[in-house]
Number of protein chains: 2
Amino acid sequence: MVMEEKKISSAVIRRLPRYYRYLGELIESGVQRISSKELSARMKVTASQIRQDLNNFGGFGQQGYGYNVQYLYEEIGKILGIDRNHNMVIIGAGNLGKAIVNYSDFEKRGFVIKGIFDNNPKIKGTKIRGIEVRMMNELTDFIKDNEIEIVALTIPKEAARQIAKVVADAGVKAIWNFAHTDLNLPDDVIVENVHLSESLMRLSYTIANRK
Amino acid sequence: MVMEEKKISSAVIRRLPRYYRYLGELIESGVQRISSKELSARMKVTASQIRQDLNNFGGFGQQGYGYNVQYLYEEIGKILGIDRNHNMVIIGAGNLGKAIVNYSDFEKRGFVIKGIFDNNPKIKGTKIRGIEVRMMNELTDFIKDNEIEIVALTIPKEAARQIAKVVADAGVKAIWNFAHTDLNLPDDVIVENVHLSESLMRLSYTIANRK
């Protein structure tokens with residue numbers, strides 16, 4: 001595939017899930033093909049940006065015809081690695097952990113939540129969306145037995161730093177980190193951070209510096 | 001102030017909350033001053049990047065002395081607009097809404113949650129961290145009476161698109177959007193998106209394209 005021959009910029013990669021979302025919405029509304037100009041109007045991105053971005057992947061458009069929506073959707077899905085399942089575990093059965101477990105869209109995209117872990121013995125064995133809450137001492141074995149690829153950390157920062165190491169030692173190479181801290185892990189472990197405080201501060205920055 | 005005289009790149013702004021977080025951690029551990037070199041080692045950013053970033057704001061460092069941690073922390077706080085309070089409302093009292101309400105760090109940084117709104121009459125009048133859950137028909141008046149600056153949307157996408165318009169009409173200029181959709185709002189309304197699905201797809205992209 002073309003994508004493996006060249007380095008794609010992280011800016012393009014950041015935009016891909018958004019293309020994927022828009023194309024999914026187009027499919028839902030029965031649109032079969034779309035020009036870069038129409039897609040541009042919907043996404044509020046310039047048509048030339050769209051063409052340039054999609055050219056990174058060999059380009060799926062044809063002059064005068066536009067893009068085949070279904071095809072492009074599937075190709076971007078493959079590029080994003082969501083054409084196959086990823087087994088996932090959630091650490092922390094608090095509100096945020098529950099929100100993630102209950103969000104059915106993740107599973108639709110192939111992120112299969114296999115287990116939920118917490119350190120509160122009171123909720124041991126309870127279920128969230130049918131998935132059992134387990135205690136932390138089972139974590140390492142569970143990761144190995146269930147071929148877990150992704151671990152989401154929805155726990156306080158001190159715990160997150162500790163558990164991230166445990167999880168990396170158990171062979172997990174991808175961590176979805178919601179704790180308000182950076183995790184210092186070996187370079188081969190990918191960390192995707194969702195720092196809500198920082199997002200909120202960007203909002204207040206824009207409020208403070210408006211006009 | 002210098003910051004108002006020039007346009008600061010969005011890349012720098014994206015990094016500021018991270019500086020703020022690290023400086024906060026340094027203060028907690030009693031560190032009073034730090035060189036760009038030391039800060040660089042902790043943050044895994046080059047020292048020259050740090051100097052360049054902080055120079056955008058007039059630069060707070062002194063050759064041979066380094067940065068005064070407390071001063072720099074406060075100055076970045078001012079730039080981020082968190083030296084004053086922002087009244088906030090959460091729409092959606094589901095797990096994600098609850099997670100935000102229960103996260104006490106936001107309030108510490110001046111984001112004061114004044115109200116929680118939902119459309120489920122069964123939870124009307126219940127409280128989350130002492131804050132009453134109200135029904136949507138009270139929203140517009142509440143926004144005006146309580147000088148609400150920020151509205152967080154933790155509701156499904158169709159509802160989010162509708163409510164965003166209601167909220168913008170009520171005069172709110174800043175929306176923190178967790179719904180998996182773009183909100184089409186007038187340009188003077190700032191939207192900060194937290195698209196969890198997209199974050200997860202970036203993770204799967206990196207898994208798929210590793211090595």
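Placed from the backbone N, Cα and C atoms, the Cβ positions cover glycine too.
According to TrEMBL, the protein carries these features:
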DNA_BIND  B:18-57  DNA-binding region
DOMAIN    B:81-182  domain 'CoA-binding'
BINDING   B:Gly92, B:Ala93, B:Gly94, B:Asn95, B:Leu96, B:Gly97  NAD(+) binding site
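The Cβ of B:Leu96 (NAD(+) binding site) lies under 8 Å from the Cβ of B:Thr154, B:Phe178, each on the same chain and at least six residues away in sequence.
Long-range contacts of the DNA-binding region (B:18-57) within the same chain: residues 2-3, 6, 8, 12, 65-70, 72-73, 75-77, 79-80, each at least 6 residues beyond the stretch ends and with a Cβ under 8 Å from a Cβ of the stretch.
The DSSP breakdown of the DNA-binding region (B:18-57) into helical (H, G, I), extended (E, B) and coil residues amounts to 28 helix, 2 strand, 10 coil. Annotation for the binding-site residues B:Gly92, B:Gly94, B:Gly97: lowest Cβ count within 10 Å of the residue's own Cβ, B:Gly94.
If you take every residue in the DNA-binding region (B:18-57) and average the pLDDT, you get 89. The most crowded of the binding-site residues listed here (B:Ala93, B:Asn95) is B:Ala93, judged by how many other CB atoms sit within 10 Å of its own CB.
For the domain 'CoA-binding' (B:81-182), the DSSP counts in helix, strand and coil order read 39 helix, 29 strand, 34 coil.
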